[in-house]
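According to TrEMBL, the features are:
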type: TRANSMEM; residues: 38-57; note: transmembrane segment
type: TRANSMEM; residues: 129-147; note: transmembrane segment
type: DOMAIN; residues: 204-267; note: domain 'MIR'
type: DOMAIN; residues: 278-335; note: domain 'MIR'
type: DOMAIN; residues: 340-399; note: domain 'MIR'
type: TRANSMEM; residues: 483-501; note: transmembrane segment
type: TRANSMEM; residues: 522-543; note: transmembrane segment
type: TRANSMEM; residues: 549-571; note: transmembrane segment
type: TRANSMEM; residues: 583-602; note: transmembrane segment
Amino acid sequence: CQETQECRLHTVGLFTSLSVLKSGMQCVKLPISVRVEINLLLLAVTGLALVTRLYGIHFPRAVVFDEVYYGQFLSLYMKQVFFIDESGPPFGHMVLALGAYLGGFDGNFVWNRIGAEYTSNVPVWSLRVIPALAGSFCIPLAYLLVVELGYSHFSALGACMLLLMGKYLQWGKYLFDPPLIFISFISPVSPIKGGLARITQGQPLDVALGSQVTLRTVSSKPVPCWLHSHKVNYPIRYENGRGSSHQQQVTCYPFKDVNNWWIIKDPGRHTLVVSSPPRPVRHGDIIQLLHGMTSRYLNTHDVAAPMSPHSQEVSGYIDFNVSMPAQNLWRVDIVNRESDREIWKTILSEVRLVHVNTSAVLKLSGASLPEWGFKQLEVVGDKIYKGYQQSGMWNVEEHRYGRSQEQKERELELKSPTHSDIKRNLTFMAKFLELQWKMLTVKNEESEHKYSSSPLEWITMDTNIAYWLHPSSNAQIQLIGNIVNWTIANLALVVYCLMFLTYLLRRRRKVEDIPQDSWEQLVLAGVVCVGGWAVNYLPFFLMEKTLFLYHYLPALTFKILQIPIVVEHLYIHVLKSPAQRKAFGVVILAVLCSVYVSYHNLSPLTYGQPALSSDELAALRWRESWDILLRKR
């Protein structure tokens, strides 16, 4: 009886399971399929964008314009050297550093001049591919943005074609502006190992007589570097026949090295160690600077500098008994002092070193020495130094109180790392706030670049930038936009503003020329496109930094997006008759053809190839203000 009951229970359970399985199978329709919709138009413009932006990415295999500036930051990131990025928030440089890291770049390259050939360890493709990809993906994002604003796919395609032939995004492989534009388009639809306080922890804050220091130039142009010397003398005679003192070379070296260490010495005493208590160095004090590894005094005299003959040579003094006495006294001038007896501070003080005998200022000239100087940067004594120039300012970056009087012991001390208290960690917010404040308060050098420009010049494209010139031919890369694009973008902005104001005033008078949804669509397009242009352009009028044409590219991109939006609105809501719309279509077709012709004619200046003759280049100088480089034969 019990077995019969269990059998019945098993039977009921089996039927129940079968019922559940049957009902479940009825809910699931077989076969299971997935439907995928592919926008072939979007796919096509993405492919075109990749082709136009990635084409010739290896060319030239040489430093191109701002690569000479941004490349130095890549080397510092790769070598994990802390620095202050005075150009602004470091995101763009971090993006480029990511490409360098993925390409295996070790940071060993001196970014000292435009046109310098890259060595084999520099992964050119990796350095340029991320900006190029960002510039490429700006095109499909522009398509999606126009569609998201409620406009037709034809308008979205028009926006893509204008950007494709707008030329300026081709320069994505040489700039980090495309990643910023890419982020800007996404919005509508840094590993820091320690802050300034972290660096000064474990290091004495007050510079004293006997301090061992490394002196880093405040300027980052052409590269950040440290005052340096080594056991090699200047040539007796240079290639041009001029003579030198034949004393020990003093340079500026862009990498950390034991030969960057100097000792702050009291001219009246022989000791090279810090006394107890330390005797701090103050503004106006007279000091000597002794090179730690070679024991040569920092010296300058009335001998022309090797690369800058209008300035004085700076050397490590060697007495050759040739009636050339030592001139090694320097006055400490703390530029950012708050009092006349302020103490020289590690990191914080910007110091100008003024030569006592000649009043020359110790300065980075920016010129690169020849092979005999190992391609390091020239340091000079500038007797005509005026105003605030970062190239003549120095920071104490690494600092320790010297304890060794003997040379051998001192060398071992200099080779040891500076003490750092790793137990005290700053919070992320403390590091972030300190870094932001330092970037906001950093001063820019009072000098103009040859290709710098004002925001007003950007509107009419009255300026350009020569990025690169081939060493033997007229092949060159120029930052020159598509002048047709530039013109119709300005016109579209004016037309939009007039339409918006007209509609707004008439709607106040209860006159509705267009439906409510079309009005809201127009306003939203203005917020995104005109607003994007304004917030990326108008702040430059308040900036004191050196500005270039490429600073306008994010703003220009939003302004170009306005063109198809204005065109579609005029076609649908303003032009009423078929004849007007047909004539308008012909005008639009003619404009697009003009955009292509401009793109095609200026392409040799975009890609750097093929090389044009001087007559052909002269014919491309469509504005008198454009600086097209012509090589004289």
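Even glycines carry a Cβ here, placed using N, Cα and C.
Nobody curates TrEMBL annotations by hand; they come from automatic prediction.
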So if I exclude everything within five residues of the ends of the transmembrane segment (483-501), which remaining residues of that chain have a CB under 8 angstroms from its CBs? That is, six or more out.
162, 165-167, 459-461, 522-523, 526, 529-530, 533, 556, 559-560, 562-563, 565-567, 569-570, 591, 594-595, 597-598, 622-623
Please report, as numbers and ranges, the same-chain residues at least 6 past the borders of the transmembrane segment (522-543) whose CB is under 8 Å from any CB of it.
145, 149-151, 184, 188, 455, 458, 493, 496-497, 499-500, 503, 514, 551-552, 554-559, 561-562, 565, 569
Composition by DSSP (helix, strand, coil) of residues within the domain 'MIR' (204-267):
3 helix, 30 strand, 31 coil
How many of the residues that make up the domain 'MIR' (278-335) does DSSP mark as helix, as strand and as coil?
0 helix, 26 strand, 32 coil
Kindly state the mean pLDDT of the domain 'MIR' (204-267) in the predicted structure.
90
Do you know the DSSP helix, strand and coil residue counts for the domain 'MIR' (340-399)?
6 helix, 27 strand, 27 coil
